[in-house]
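Features of the protein shown, as given by Swiss-Prot:
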- 30, 31, 32, 33, 34, 79, 80, 110, 133, 170, 287, 311: NAD(+) binding site (BINDING)
- 112: active site, N6-AMP-lysine intermediate (ACT_SITE)
- 405, 408, 423, 429: Zn(2+) binding site (BINDING)
- 590-672: domain 'BRCT' (DOMAIN)
């Protein structure tokens, strides 16, 4: 790289930094900044004579914007150096042990929350100031906004507070609050936020505290920055426990770990849990736990020597849109999917990302050949969340939405008030038929083992299956099945046996398998609890349907429309004629069921039953089964490797039972 190219790289990094730290409007993902920053570090190491005074390696951050009063930090809020793999983390541990002449070092390990760093100053136990990190030396006084956040104590919960206490923490927005905030923005025709961090930053820097007060912000303390008139605990971890006693929220996933291997184990464990957490984290912070050792190690130019951050695989990356394809879903929904230059994000290589619908394309202003930000977290489908307008090429072209179904050529329709455009072809459309069949045989529907996606596509393409009824006649086409790809004698026999077993099902699973729009598992269960006879359900008008718990006017309309269609009624008759049956249950009022009004959460690995089976049995006894633990949870069923849900239940004093306990409960009430 030439000297001029390095100067250009410095300018680019400074532009990124200004947008991120000053304007709170990131223009590239953290991973892009980190990659370019490491490149600059490498160049400066080779050519120290090229180092510039304005290089981001020579400073902490940017000067704050002029919208708020500037306040100096008593102790600088420095950045952290980064470890990017196990090897660099082990190198960090080796350096620490060498400097301390120690065989083993204990570290405090904490999730790195993806929010906005702040410093809170308390005098005689009362909050007097809240300041953003800013450039690390000074930040913006946002005290009025900070006071609107309920997780920030206005007064310490102690009769003997320190004379002065400065607490460092992170302001963030939980995922659920972010989704609700964006949904409200869409409803009101306002601009949506790109991600929870962007939403938290924008909310915290409102000039009107009343606006901030309406935003679902949370503050989590992560260190003591400065103290007078109080003897600080000997360890960082003990200090956080003390902050918790004084009324601060701290992260319940923080632990202490021994040596590099303990830190690596924690990283792997938390990386697995990352997607299931209720808030975003982008890595882990490791700190030497003993305060005396921290003081002994001291600081380097821009960071403490005793701490390091390790990032998770990036959940957002920048890439280019090569084109847009249009997929047809089970209910006919036309979904635009961006074809991308392959990019590594969220731990995998991504080459496609959803654009959701026509309205989302317009909202993003996305064009073919645009550079975009792609987001992927856990098992969530990758999506385009932002267009990098500054990098738009001259050959960018508009995305043209099809005027007819791209699969079957049928007309498209858009119901007033809905963003989704749908194909009107129904099961005549090959794409809808394939997706409907995949849903019909899925584990939570008819549960036909051995009938996977690829086999379904082959069966439809060869016109062996045209409706769900045809699945139950496959025994008559055994020779044809044997001639198909990867279908040997044992595979065919196993498939046909599974189809035969699936004929004996449950009423709620049968209704769910039909794929009625807006009818998920819970709604199917509610409908079949209210209507114990299929004929009664099929004949119910909308006024009767809305009497069912959790069934509103829209769901009732879709149920009625489904049963009004002759093709659907013929399919149901065909399935019953093919031998599909279920045990009829006596109608019982929900209030009469033994677990009525109770909320259960099931987590971890179970040996005698699957989690879904336990959930079904609990719901059959009247319980509500939730996917997350809260103060309203009545009981957690915890199997092996229960993880964060168990930790949260323990912190909330939620009753916990193991697999033996839930089996005893189900046995007591005759569910097994």
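Yeah, the Cβs are placed from backbone N, Cα and C, and that goes for glycine too.
Sequence features, as recorded in Swiss-Prot, placed on the structure.
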residue: 30; record: NAD(+) binding site; Cβ within 10 Å: 20
residue: 32; record: NAD(+) binding site; Cβ within 10 Å: 19
residue: 34; record: NAD(+) binding site; Cβ within 10 Å: 14
residue: 80; record: NAD(+) binding site; Cβ within 10 Å: 17
residue: 112; record: active site, N6-AMP-lysine intermediate; Cβ within 10 Å: 21
residue: 133; record: NAD(+) binding site; Cβ within 10 Å: 24
residue: 287; record: NAD(+) binding site; Cβ within 10 Å: 23
residue: 405; record: Zn(2+) binding site; Cβ within 10 Å: 24
residue: 408; record: Zn(2+) binding site; Cβ within 10 Å: 18
residue: 423; record: Zn(2+) binding site; Cβ within 10 Å: 27
For the domain 'BRCT' (590-672), what's the mean pLDDT in this predicted model?
87
To the nearest whole angstrom, state the Cα distance for the pair residue 429 (Zn(2+) binding site) and residue 30 (NAD(+) binding site).
43
When distances run from the Cα of residue 287 (NAD(+) binding site) to each of the recorded positions 112, 405, 408, 423, the nearest one:
112
Where residue 80 (NAD(+) binding site) sits in the secondary structure, as DSSP reduces it to three classes:
coil
Let me know how many other Cβ atoms fall within 10 Å of the Cβ of residue 429 (Zn(2+) binding site).
20
In whole Å, note down how far the CA of residue 112 (active site, N6-AMP-lysine intermediate) lies from the CA of residue 133 (NAD(+) binding site).
15
For the domain 'BRCT' (590-672), what does DSSP give as the number of helix, strand and coil residues?
31 helix, 16 strand, 36 coil
Looking only at DSSP and grouping its letters into three states, which state does residue 429 (Zn(2+) binding site) belong to?
coil
How many whole Å apart are the CA atoms of residue 80 (NAD(+) binding site) and residue 405 (Zn(2+) binding site)?
52
Could you tell me the maximum Cα-Cα distance in Å between the residues recorded as binding NAD(+), namely 30, 31, 32, 33, 34, 79, 80, 110, 133, 170, 287, 311, rounded to a whole number?
25
In the same chain, which residues outside the set 405, 408, 423, 429 have their CB within 8 A of the centroid of the CB atoms that define the Zn(2+) site?
328, 332, 404, 406, 407, 409, 410, 424, 425, 428, 430, 431, 432
